[in-house]
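**Q** Have a look at this one before I ask anything.
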Ligand SMILES: [Zn+2]
């Protein structure tokens, strides 16, 4: 799923912060998958020279593995969508219901496998490592399919379906149990007519730290929550150091580049804005009279 925090502009501002390095001898490019056939040969040339590659991946990569997102048309669990249940308010109101939703999503992942896109990225990372080069994946996906494919340098900015966090002591722990607790066995059916299990809070997943037993929650970033500043710092570092950045979006959305200079990649973007971001971004993102006209 992609609790969603990462809208394109957030990604772009990251890309931008990676691009604003004064090291002008480097060429930073962000080819998209939108028009690969005409540019693949050029891309391969950049790729061959790149020492530090960042791959930013989103829901498109997971979609090819059949991972449901519970968003958009037809994206329902019972009568809800992710944005209804993936919130701190929903968890406070009905932790049993939210755990049923996440239990279902964890169980669904037992039958999902990485697709050739995940595998190519992981194989590439291993190959480059042998050459003293580096590849890092920054993903908003919480399904761990990159990890399952073998990716080692991985920043999961939205957390993971397979990690829990204690609401009492804050400890984050990996958790691959199926079911995650006995009370959730057989629960979480996605059909609209399925009954809410109404599991008492003491029977929901509980912390295993000595003497704690606090209520656990999924270690994922919910709507309205902030990304982990420590992970954002790592993202910033990788974007600052990288000399090639791939945005893997299967949604066909336009990608805009904000850069101090043109690069050989510039004409592959749908939009290019040249100049200091302090000038270009405020102009690009200012309210406009045609907004929200539908
Ligand atoms: Zn605890």
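Don't overthink the numbers, they just go from 1 along the chain as shown.
Glycine residues also receive a Cβ, built from the backbone N, Cα and C atoms like all the rest.
Straight from TrEMBL, here's the annotation block:
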type     : residues                     : note
DOMAIN   : 33-291                       : domain 'Deacetylase sirtuin-type'
BINDING  : 58-77, 140-143, 259-261, 277 : NAD(+) binding site
BINDING  : 102, 105                     : substrate binding site
ACT_SITE : 158                          : active site, proton acceptor
BINDING  : 166, 169, 207, 212           : Zn(2+) binding site
**Q** Within 10 angstroms of the C-beta of residue 169 (Zn(2+) binding site), what count of other C-beta atoms is obtained when all protein chains are considered?
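**A** So the Cβ neighbour count for residue 169 (Zn(2+) binding site) comes to 12.
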**Q** Across all protein chains in the structure, which of the binding-site residues 62, 140 has the highest Cβ count within 10 Å?
**A** 62
**Q** Taking the Cα atoms as reference points, how far is residue 62 (NAD(+) binding site) from residue 102 (substrate binding site) in Å?
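**A** Spelling it out, the Cα of residue 62 (NAD(+) binding site) and the Cα of residue 102 (substrate binding site) are 17 Å apart.
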**Q** When the Cα-Cα distance from residue 102 (substrate binding site) is computed for each of the recorded positions 70, 74, 158, 166, 212, which gives the smallest value?
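**A** That would be 70, nearest by Cα distance.
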**Q** Can you list the residues of the same chain, besides 166, 169, 207, 212, whose Cβ falls within 8 Å of the Zn(2+) site's Cβ centroid?
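**A** Going along the sequence, the neighbours come out as 167, 168, 170, 171, 208, 209, 213, 214, 216.
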**Q** Taking the recorded positions 58, 66, 74, 102, 158, which residues show a Cβ-atom distance to ligand 1 below 6 Å?
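**A** Checking each Cβ against ligand 1, none of them comes under 6 Å.
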**Q** What is the Cβ neighbour count of residue 105 (substrate binding site) at a 10 Å cut-off, with all protein chains included?
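**A** The answer is 23 other Cβ atoms.
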**Q** How would DSSP class residue 105 (substrate binding site) in three states?
**A** helix
**Q** To see if you understand the setup: which same-chain residues, six or more apart in sequence, place their Cβ under 8 Å from that of residue 207 (Zn(2+) binding site)?
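**A** When sequence neighbours closer than 6 are ignored, residue 207 (Zn(2+) binding site) has 166, 168, 169, 171, 213, 214, 215, 216 within Cβ distance under 8 Å.
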**Q** Spatially, which candidate from the recorded positions 105, 158, 212 is nearest to residue 74 (NAD(+) binding site), comparing Cα atoms?
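**A** Its closest listed neighbour, by Cα, is 105.
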**Q** Counting Cβ atoms within 10 Å of each candidate's own Cβ, which of the binding-site residues 166, 212 comes out highest?
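**A** The largest 10 Å Cβ neighbour count belongs to 166.
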**Q** Would you identify which of the binding-site residues 58, 74 has the most other C-beta atoms lying within 10 angstroms of its C-beta?
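**A** Going through 58, 74 one by one, the largest Cβ count within 10 Å is at 58.
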**Q** Take the Cβ of the residue listed as 'active site, proton acceptor' and count every other Cβ within 10 Å, whichever protein chain it belongs to.
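**A** Within a 10 Å radius of the Cβ of the residue listed as 'active site, proton acceptor' lie 25 other Cβ atoms.
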**Q** In the three-state scheme derived from DSSP, which category covers residue 166 (Zn(2+) binding site)?
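**A** For residue 166 (Zn(2+) binding site) - judged by DSSP and reduced to three states - the answer is strand.
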